[in-house]
Structure formats: C-alpha cells, structure tokens
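Notes follow once the structure below has been shown.
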Amino acid sequence: MLEDTGFQRLFSSQLFDPQPFGSKPSGSQLFGSQSFAAAQLFSAAQPRASQFPSAQLPETQQPVVQQAVIQRSANQQLSNQRSANQRATNQPTEYIGRFAPSPSGDLHFGSLIAALGSYLQARAQGGKWLVRIEDIDPPREVPGAASRILAALEHYGLHWDGPVIYQSQRHEAYRATLNWLEQQGLSYYCTCTRSRIHQLGGFYDGYCRDRHLPASGAAIRLRQTQPVYAFYDKLLGELHAHPALAQEDFIIRRRDGLFAYNLAVVVDDAFQGVTEIVRGADLIEPTVRQIALYQQLQHPVPSYIHLPLALNNQGNKLSKQNHAPPLPNGDPRPILIDALKFLRQPLPEYWQDLDLYLLLRYAVEHWTLVSIPLQGAITPQKTQRHSQSKHGEL
C-alpha cells in the first residue's frame, strides 16, 4: 500500500494490493508485433467471443493481432478486486466513463464513434461521462482545436458531467507520480536512442536498467516488475500481448522533458475515478502497459471496451494525421445516425421526427454491446460528403 504522501492524494479511489493481472500466454496468439497496423485490427467479420468461446481471428490476421481462447480469469480477478473494494468502503462502485481527445485537430467521424460509444455506454449504465483534453504534447497541438472539440461535442448533444480537465494543468500530479516511482525504485534514466531500439527489432532490451545514469539528457522508463500478458476486453474477449511488449520497460517521461502518454492517461484516469474506458481499437496495444502502471501505482484497474475503427477509402484509419474532414456544423442527426449504423445499433423508425435530445435518448435506451461489429469498416460516402459540406442530409 502507498504511504500517506502527497502522491496518494492524487488519487480519489480505494487502493488495493496489486496482483498479477494476466498470465503469460502460450503459442502465437498475440498482439503487439512490430507490424501492428491500427487499420487492420478488424479486417474480417468475426463471431462474437461471448457466444463462441473458442473463436479466433483468421490466420491472415495472426501476425497483426490475435484473439485468444476466451478465458474469464482476468475479468473475474478484476471483478473480485472491485468487489473487495466495495466491501471495504461499503459503497457501490459508481460507473464513470470518459472521452479524452487530443487537440491535434478537429473532431471527425472516427472521433465521433469513440465519443458516442463511450457516451452511450456510460449513460446506459446510469453513470457519469467525463471529458478530458489531452494537451500533453504541445508540438502536436493545433491552436483553437480544444475549444472546437468541446463545441462539437455540445453541438452533437454529447454533454459531459463536471469540469473539463486539461492535462496541461496536471504537471504537478505527473511529477509527484514520477517522484514516487523513483523513491520505490520503479523507474530509471535511459539514454538509448530510437535508432538503437529499431536495430534491436523495435523493443527496448533494458540496457540502461542498472547503469544508474544521471538525469541530464535522459528519458525515464518504468522498471517492469509486474508485466501484463493479457487483458479482458468486454467486446473482444481476452487479448494476449507479445511477451516483448508486455515485458518492456516503457518510457514514462521523454528525454525532452514532456510527460509520456501512458503515464498521463493512467494518472488522470485514476484521479478522475474512471471505472471503464471505451475507446478505439488502435489503442489496444498500449493497454497492457497502462494496466501494468496501474498495478505499480497500486490502483484499481478499469475495464476496457475497444471499438472498431472507421476507415477511409484507402482502408486507413480515419485520423487527423490522415486529414480526415472535420464534423460539419449543420444538422447533427444524420451524422449521428451514420455513427449508430456503424456501431450497428437499433434505429428509431422515423428518426427525422425526433429532435436531437430524443434521438440520443432512444440510442441510450437501446444501446447494446452485442450488436457492435468486431471489424472496422469503410466510412460511408454520404458521411464523407456530410463532413465536407456545411449542412448534411441523408
């Protein structure tokens, strides 16, 4: 358990004694190979794991990401941990979800799918839905994007609970976490370059682990003591990581002094009490690292749902880097209908007769994970036309 320090006050939830989250997999059923491509995560329709426990991805997908035989052990352990926390506090765990975009550009259709999926999951559970702006990397930020992201969420009826947190205002919390990890002997300085790691095949080999280097010009890495080899996804079942990915001492502060994404996201999700993370499948790979960091920090691990990705006509993930067009400012309902269709959710028969509030209320009441496809899909042409026009119509 953590000592009563300023670090402990950064977190708002009950702490627990960490246990290994996943057992080391056997065979080749892995994700996290260096050929990992987000757009290829779900390239073929799959039977739902909860209905077909032995379902696996086809052989053509095995080098990229593979779904192991579904075992509930990791999920059951997480449930047991949360049950113990509930008994200790004598209070039920409140559902808290979140959407955490980076202000590297405006929201696009792919962003909307992630936002809508996390929003509907939270509201369907009667829980809270938080918004956090992940402005942790100033060189990648687009001026004004943060305010436009928030305006777009409001325009599409996705209203959040509580204040918006900005990572740029959380540096003290990240520094306190780094200090605590250093005091516990769970981090170290590293001067290895990207070119050296690339020559090793893409995974860091722990070269600086016991060199006791000075801080000058060095990154900070987490000393992996509890590698996570598998985690349970409510949509995809149990996913196994490549052992080298699971065991890697990953960077938690860059050599340029910027805090790493994996550190900031875990510290902030813990601080906000997030109980479930719903996001795009392009973030499957860092999940095992984040779970490992949760355990190092002795904090409960949230549950995960990774949604399929929207693709462009070239089969690449819709993203700001791929110049996905921003969401339009016209009638939000047709775009929301496209997003609900993408997620294969039930639609009201005469949705044109519903206002935005009633449309979203219907979507919340009929939200179901079972219907969500396991593969990505090409974005409908009409959605691309919506995004390029001032007003969208079906």
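Just so it is clear, glycine is given a Cβ too, placed from its N, Cα and C backbone atoms.
Positions annotated as L-glutamate binding site by TrEMBL: ARG98, PHE99, ALA100, PRO101, SER102, GLU134, TYR261, ARG279. The Zn(2+) binding site feature in TrEMBL is assigned to CYS190, CYS192, TYR204, CYS208. Sequence annotations record features per position, and here TrEMBL assigns domain 'Glutamyl/glutaminyl-tRNA synthetase class Ib catalytic' to 98-322. If you look up TrEMBL, you'll see 101-111 marked as motif ''HIGH' region'.
Feature map: TrEMBL annotations on the structure.
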| residue | record | Cβ neighbours (10 Å) |
| --- | --- | --- |
| ARG98 | L-glutamate binding site | 27 |
| ALA100 | L-glutamate binding site | 22 |
| PRO101 | L-glutamate binding site | 23 |
| SER102 | L-glutamate binding site | 21 |
| GLU134 | L-glutamate binding site | 21 |
| CYS190 | Zn(2+) binding site | 20 |
| CYS192 | Zn(2+) binding site | 18 |
| TYR204 | Zn(2+) binding site | 19 |
| TYR261 | L-glutamate binding site | 20 |
| ARG279 | L-glutamate binding site | 20 |
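Every protein chain shown contributes to the tally, and the Cβ of CYS208 (Zn(2+) binding site) ends up with 18 other Cβ atoms within 10 Å. The Cβ neighbour count for PHE99 (L-glutamate binding site), using a 10 Å radius over every protein chain in view, is 25. Here the Cα atom of PRO101 (L-glutamate binding site) is found 30 Å from that of CYS192 (Zn(2+) binding site).
For the pair CYS190 (Zn(2+) binding site) and GLU134 (L-glutamate binding site), the Cα-Cα distance reads 25 Å. Comparing C-alpha positions, ALA100 (L-glutamate binding site) sits nearest to TYR204 among the binding-site residues CYS192, TYR204, CYS208. Taken together, the residues of the domain 'Glutamyl/glutaminyl-tRNA synthetase class Ib catalytic' (98-322) have an average pLDDT of 94. Break the motif ''HIGH' region' (101-111) down by DSSP state and the numbers are 3 helix, 1 strand, 7 coil. Residues CYS190, CYS192, TYR204, CYS208 make up the record's Zn(2+) site, and a Cβ search at 8 Å around their centroid adds THR191, ILE197, ASP205, GLY206, TYR207, ARG209, ALA219, ARG221, ASP249 from the same chain.
Residues ARG98, PHE99, ALA100, PRO101, SER102, GLU134, TYR261, ARG279 make up the record's L-glutamate site, and a Cβ search at 8 Å around their centroid adds ARG132, ILE133, VAL265 from the same chain. When the record's L-glutamate-binding residues ARG98, PHE99, ALA100, PRO101, SER102, GLU134, TYR261, ARG279 are compared pairwise by CA position, the greatest distance found is 16 Å.
Cα separation, GLU134 (L-glutamate binding site) to CYS208 (Zn(2+) binding site), rounded: 29 Å. When the binding-site residues CYS192, TYR204, CYS208 are compared by Cα distance to PHE99 (L-glutamate binding site), the shortest distance belongs to TYR204.
ARG279 (L-glutamate binding site) sits 31 Å from CYS192 (Zn(2+) binding site), counting Cα to Cα.
Looking only at Cα atoms, CYS192 (Zn(2+) binding site) sits nearest to TYR261 among the binding-site residues ARG98, SER102, TYR261. Taking the Cα of TYR204 (Zn(2+) binding site) as the reference point, the closest of the binding-site residues ARG98, SER102, TYR261 is TYR261.
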